[in-house]
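Student: Please read through the structure below; I'll follow up with questions.
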Amino acid sequence: MVTTSQLLARALGLLLCAQICSGTGELRLVDGGSRCAGRVEVKHEGQWGTVCSYNFMWDVHGAAVICRQLGCGTVARASLYTAFGAGAGRIWLQPFFCRGTETALHNCPHYGWGQHFCGHNWDIGVTCSDAVELRLVNGGGPCAGRVEVKLRGQWGTVADHEWDVEDAEVVCQQLGCGSAKSAYDWTRFGKGSGPIHLAVVDCHGNESALWDCAIKGWGSYNGTHGQDVGVACQGFVQLAGGNGTCSGRVEVRQGRSWATLCEAHMDLNAAHVICKELGCGAALAVTGAARFGAGAGPIWDGGFECAGNESLLSACNRRLPHGQGCTHANDAGVVCSPYTGFRLANGSTACTGRVELEVRGTWGSLCDAGWDVPDAQVLCHHLRCGSATSVPRGGYFGTGSGPLWRDTFHCSGTESHLGECPATVLGIPACSPGRAAAVNCSGGAEPLRLVDGESRCDGRLEVALHGAWGRVLEQQWDASGASVVCRQLRCGVAQKAYTAPILGPGSSPVGLSGLRCMGTEARLAQCNTTLPSTTPAGRAEEAAVVCSGSRRVRLASGPGRCAGRVEVYVRGAWSRICEDAWDLSDAAVVCRQLGCGMALAAPSSAQYGQGSGPLWLGAGGCSGAEATLWECPAPAPAPAPGQSGCKQGTGAAVICSELTDLRLVGDSSCTGRLEVFYNGTWGSVCANGTSPATAAVVCRQLGCGAGGRLHSAPTTSQGSGPAWLAWVHCGPGTESLWHCLSAPWHLQPCDSLGDAHVTCDREPGDTRGTPMPATATGCPDGAACTGAPRSSVAGAEAMPVPTILCIVLGTLLCLALGALATQAWCALARQRGPGRAADAISEAVYEELDYTLTPEYQEVPSGSGSPSEGSATKLPYYTSDSVEASSPGTAPDTPALPRHDPPDGYDDAAAMLDPGEAAAPGPSDGGVSKVEELGGSRPSQSPLEPPGDTIDAPASAPRDAGYDDVGVSSPSMLL
């Protein structure tokens, strides 16, 4: 008979041999679709062989060693039961109890090369994080849609009939989309096609990746897609304080709140990424807090280094903070174009045709009702088609097949992009069929341009050479050269010739230097120039110009673009206007120039502040009939030295009739009657013809959540003001109420439905439904940090030295106490005599056995609901992942059932069998996993399960702390 000491000596010998004989075999993963997933194989003595292990010896720590050794990231799943098929030939290793810190798999404890006690049916597999991808599809953007996972090179869905916001939170954080807004079933984003890769996912919400959650079923499974899941994320970035989702103050998700960004940390590349993530067009400008107001709450520490081609801001690298700390007075804003594309269709050339716009992925023709020459000039220059030669009648180039957009632009003609022009939609009359806008452009793109200015008529000069844009150095740059540039660009006369510092190595290459013009040339090519190959030493300035065509006017610090303090862009700077000679006639010119209707008032600086910046004395004295402010009488005389020249103030202001605003009048600012401000008066919106989606648009615009409900109120409870609008139709995804279609603005009575009322999902400042953010990501809120270390598998960190000392000392103390107890027992036995000592030992043994096997009454619900009595203990709940059921006589106390599992006594297998058909006995009879509910039962084949495949245990330590391996043959007992 082999004694315990002999078994221990033999095991120690094998361990010693394993360490002495361990080789340096190569490692690979096969049959998994990539180098980072598959069955584990090692190469020893020139031959490849598999690796097998029992489930109680193999877990995520061993899999972490393999993923790290292959450079494949962290563990997504540690598999047993031949998940990637059984191998053939040699079994080289049987590792056990890896710590997770080993540098190679053969450094884990094992029984020696070629020594094993398991067969190919126990071959292990690993799926590393670099082999798994995650995406959201069919949701209109990267942060909403049906959840899909890529395994073995193929995309598949995730099925779960109890998918909740904690599961969705992990998906959103992993994708860099902020926190989860909602978790959906298949009805929101449709059913997928192909395989089902993951089934029954249970997350706590703080996991760093979806595959770190408890997953009952790893596919692929073939079955119906009636339980596919979807997610809508709040997004990592938003634009707040503007009229819609495409303009406003930049805010990023930080924990459970939104944090602003400093203007000094925001550039145009980051703005392009933000606009793209929000589904808007090109980034038009980066502004300061004066445009959209100062934010509140935290300020993001640092910025983002973006190349401009990223799809999400969170994918950009973090920029460390520099300089002085930011305040909310330095909050950054971004203006994006709401239009994602422009083109000319059905013309004889690319520069003639019907005007078409793309709005959030939908192309349509533009109505010609408000189309004019300045609008056409902007479009021709933007399309690099020269200037507008004519604006034909509506429908000249056909009507097209898409929608007919009613957008009315108010361009001055010098904007570089149609999205920069103010546009109105709400209240514009319906467009007659066949009236699509048209334009004929000259067709020749100018070989020069002005960039980084307020319009296409001011900024740094660049020229086109050999298919690329090049800079012009400031050598001999003067007003004569500037005059030629303004003339060629049709931007009026030169107001200022200046030099700008070179932006750096990332800017355009040098195209020209030594530019010498007489000032009378028609084109810049007629001037004398040189073509340097490199930047001359000591030269750090570029040629720049301000043309008179860059003059613009805006209204600042007001509630909208049609009310505020008057500011003019003159000679390359935004300037203020004196109040001294400012009256309603001057205000009327500004309102007409901006396309804002009539002037209602010319308030003093007390209403919108006096502002800052230089003072322009060229305003005042208008008759009211002028088309632009520049046509008014000559500038006033210059002030005396030391005087500002303004007696009353520097904040001349305007309120125009087209100023629009909205509010909800009721119990709170997020619930009540919908009212709009128009023509200087608040009025209601009739419920008749108003679409339900209008409520969601209003709520988003007011900061009252992402959704809301529209309902009507009887005429007896309507407001006291006029009813301005009816038949307001907002579609899903419309960015603001001002971009919705409606009947024209006019006074109208509402029908029996009365005024429209809106109840939003959330009150101001309410954070209900906002889940806690994930905390396990390497960088805050999912941002990618430069040089950030990859987090290792939980539990694989090196154990601290004090912990090791405590374990050693605790072990020694237990041994000492055991020795003292043995001595005391022996002394007692000697006092009682030999016979009594033996009896005492026997009694102690029988008492212990009796204690273990004494029947006890337990309420174990059966199928009929009646309790069973006399069982030794309640059997634990095992899913089909269990290797072998424990003996009833040695079973531990029942562990807590997983959240997704059925209640005690529920027998799904029996319910799935035909009447009269008995369930096959087996170790898994005690319960049924949630995967079976998706389309089948064990041991019957599930529709979600491929033939011959089984569902593996999740890549984490077993939750059942009471696992009993008595029924499994231990290799150490076979020595």
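The backbone N, Cα and C atoms fix where each Cβ goes, glycine too.
Just lifted these from TrEMBL, have a look:
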COMPBIAS  880-889  compositional bias 'Polar residues'
DISULFID  CYS67-CYS128  disulfide bond
DISULFID  CYS98-CYS108  disulfide bond
DISULFID  CYS203-CYS213  disulfide bond
DISULFID  CYS262-CYS326  disulfide bond
DISULFID  CYS275-CYS336  disulfide bond
DISULFID  CYS306-CYS316  disulfide bond
DISULFID  CYS367-CYS431  disulfide bond
DISULFID  CYS486-CYS547  disulfide bond
DISULFID  CYS517-CYS527  disulfide bond
DISULFID  CYS686-CYS750  disulfide bond
DISULFID  CYS699-CYS760  disulfide bond
DISULFID  CYS730-CYS740  disulfide bond
DOMAIN    27-129  domain 'SRCR'
DOMAIN    134-234  domain 'SRCR'
DOMAIN    237-337  domain 'SRCR'
DOMAIN    342-442  domain 'SRCR'
DOMAIN    448-548  domain 'SRCR'
DOMAIN    553-657  domain 'SRCR'
DOMAIN    662-761  domain 'SRCR'
REGION    880-975  region 'Disordered'
SIGNAL    1-23  signal peptide
TRANSMEM  799-822  transmembrane segment
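For each feature listed, report its degree of burial, its nearest neighbours and the pertinent distances within the displayed model.
Tutor: The C-beta environment of CYS67 (disulfide bond), restricted to residues of the same chain at least 6 apart in sequence and closer than 8 Å, consists of CYS36, GLY73, THR74, VAL75, VAL126, CYS128, SER129, ASP130.
Proximity of CYS108 (disulfide bond) to non-local residues of its own chain (separation of 6 or more, Cβ distance below 8 Å) is seen for GLY62, VAL65, PRO95, PHE96, PHE97, CYS98, ARG99, GLU102, given in sequence order.
Using a 10 Å Cβ-Cβ cutoff, CYS203 (disulfide bond) registers 22 neighbours.
Counted within 10 Å of its Cβ, the other Cβ atoms near CYS326 (disulfide bond) come to 21, all protein chains included.
Non-local contacts of CYS275 (disulfide bond) by the CB criterion (under 8 A, 6+ apart in sequence, same chain) comprise CYS246, GLY281, ALA282, ALA283, VAL334, CYS336, SER337.
Counting every protein chain shown, 20 other Cβ atoms lie within 10 Å of the Cβ of CYS431 (disulfide bond).
Sequence-distant neighbours of CYS486 (disulfide bond) (same chain, 6+ residues apart, CB-CB distance under 8 A): CYS457, GLY492, VAL493, ALA494, VAL545, CYS547, SER548, GLY549.
Counting every protein chain shown, the number of other Cβ atoms lying within 10 Å of the Cβ of CYS517 (disulfide bond) is 21.
CYS760 (disulfide bond) is surrounded by 26 other CB atoms, counting those within 10 A of its CB over all protein chains shown.
Sequence-distant contacts (6 or more apart, same chain, Cβ under 8 Å) of CYS730 (disulfide bond) comprise SER691, ALA693, THR694, ALA696, VAL697, LEU737, CYS740, LEU741.
Summarising model confidence by region, the domain 'SRCR' (27-129) averages a pLDDT of 85.
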Student: Compare the C-alpha of CYS760 (disulfide bond) with the C-alpha of each of the disulfide-bonded residues CYS203, CYS213, CYS686, CYS750, and give the closest one.
Tutor: CYS686
Student: Show me the subset of CYS431, CYS517, CYS527 whose Cα is within 10 Å of CYS262 (disulfide bond); these are the disulfide-bonded residues I mean.
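Tutor: If one measures from the Cα of CYS262 (disulfide bond), no disulfide-bonded residues come within 10 Å, so the answer is none.
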Student: Applying the under-8 angstroms CB criterion, which one of 27-129, 134-234, 448-548, 553-657, 662-761 scores highest with the domain 'SRCR' (342-442)?
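Tutor: Out of the listed stretches, 662-761 contacts the domain 'SRCR' (342-442) most.
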Student: Compile a sequence-ordered list of residues in the same chain as CYS306 (disulfide bond), six or more apart from it, whose Cβ lies below 8 A from its Cβ; state 'none' when nothing qualifies.
Tutor: ASP267, ASN269, ALA270, HIS272, VAL273, LEU313, CYS316, ASN317
Student: Tell me the residue counts in helix, strand and coil for the domain 'SRCR' (237-337), as DSSP assigns them.
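Tutor: Reading the DSSP string over the domain 'SRCR' (237-337) gives 23 helix, 38 strand, 40 coil.
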Student: CB neighbours of CYS213 (disulfide bond) within 10 A?
Tutor: 20
Student: Cα of CYS517 (disulfide bond) to Cα of CYS367 (disulfide bond): how many Å, rounded?
Tutor: 44
Student: For CYS699 (disulfide bond), which residues of its chain lie six or more apart in sequence with Cβ-Cβ distance below 8 Å?
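Tutor: Looking at Cβ-Cβ distances below 8 Å from CYS699 (disulfide bond), excluding near sequence neighbours, one finds CYS670, GLY705, ALA706, GLY707, GLY708, VAL758, CYS760, ASP761, ARG762.
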